[in-house]
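Here's the structure we're looking at; comments come further down.
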């Protein structure tokens, strides 16, 4: 049976050809290798029709132009040569589009990313809609790749090398007005007139190319270029710590094209694409992409979710304010905040105002849209307006009696169907639900701080939580723009449980004499966004260490913190960034002063600050404990799958994405190697490093957690 075409040609009465992109049975348009023959057949027809005045590419999808190439194509390549051939095929197709003797215009609405933008770049002009859904970018670097269909060569010539490098090296996505300002698109119009605007551009013959800004012209010359690539290379190396080979290859390929011409540039691009596709970093990053896509499709349970029309929040603090913001402004749901203090409500409202006003200032949002979103948030000091809320999120202090009281009050003041979701980070959900009259509607919904930035939420049903409550809470989390994982109601849940031994070990090394900055730098070099000591300062030392006794009580000695260290720090009124002093000292709010390690920390904890461990040794001790605990979590069914475990670690605590998560990383080392390292560390440093039974068994059998493909679980 012949495959339905993703590209359809229609010629209007005014002799302008419209090529409509509509991948059958898919929500998103993605480019597949098999579409090449369809496009070539259309190009042949275009060349044969001598009456044609021009061509417009447009999507039939309601909210995307082309979201990129189908990543499965890369996974199907077994060698670098196969992946290189794939890139060359894409380059050739784009070259054929660009070589058409009549004007070719891309009419862009929605996501125009990766291969989609490369197709648009191959056109002679581009017009896009002013819709917030319209974004343009080359995000391949986030998959450990580079643009392989000419993007590294066409973009620098269109918008200038420094701007193009920023886009390609970061995967940054531009909104319509930014794209217009940079010259990436020729016009921005309302969606209703997109096609006609593109047709008008065709009738102007070829759009006149605007000259590059003076700065970009200087940087394109040999001297400016040498200086630019040296500076950008240095900055990129500092940012990536040498862990992402794609960034180095991007710089190399773009420079080759500018110095030696496009032919050499395309050749270097295809070759680098093929080689990068085979790197373990790209394979790991693609596995994270597939896993997160999979998690987003997971309903959490087999039951249908209940309707969600409005939400209530208890507590207007930092977490409550952040949760209100994502509920109103991302999920689009009316939110009512209850706080015993009017100042708490004002704080929560100001939090959302600050976020939205920042978007208005950056011209990402209209003032009228800001006001519309803010109008969804209201506050009260009692339960007025709570009677018909479908779900209440509790974000009050970590106190069991207080949370149980909140459950009782919600059951008394809200509808019989109302779900109670606790944002606890450490208290068992079963205990919070212990006195509930409707325990099946009590669940944990654990956000991470700052709420608007952290993508993960943990959803924690207790033994009596209903399947519908789980499904409804998962539905809300997705509407809020979060990636939810469902975890078991055990102390620390998943993320805090694997994080605690990692932080504890860092503190232990401090007491042994390692310096704060050495420990943090070692873990940043390993691939974490910040080191464990700085992380504790950012979270708040009082908040971050509160869970340690809970975990020690539940799991024993392996979770114990070094004696008296935490209490000494807290007794010295050190809470971290929030009060200006922790392990580091912070300048006054609003002032741009670098944080500095406080030398007084060493005598305070009885340490010398004269370490002997190398950076890899420091990282090994912290990371191995995290891996061991993650495996225990699978064994105890705290997480439902290793997919959730990898996503939870990467999105929840910044586990290095290029390693693919704890379970991918164990597989890459081999269970046998992990066991050998842990046994060596146990001999040197104590029984907390004893590898768990599951790891030892896997080592004996030569087993791994994942199958070889990026998308399948074993």
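Any Cβ shown, glycine's included, is placed from N, Cα and C.
Note that this is a predicted model, so its numbers are computed, not measured.
Per Swiss-Prot, these features apply:
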REGION    1-190  region 'Enoyl-CoA hydratase'
REGION    306-714  region '3-hydroxyacyl-CoA dehydrogenase'
SITE      118  site 'Important for catalytic activity'
SITE      140  site 'Important for catalytic activity'
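Cβ neighbours within 10 Å of residue 118 (site 'Important for catalytic activity'), excluding its own Cβ and spanning all shown chains: 29. Under 8 Å, Cβ to Cβ, and six or more positions away along its own chain, residue 140 (site 'Important for catalytic activity') finds 114, 146, 147, 148, 151, 168, 171, 246. Predicted-model confidence for the region '3-hydroxyacyl-CoA dehydrogenase' (306-714) is 94, expressed as mean pLDDT.
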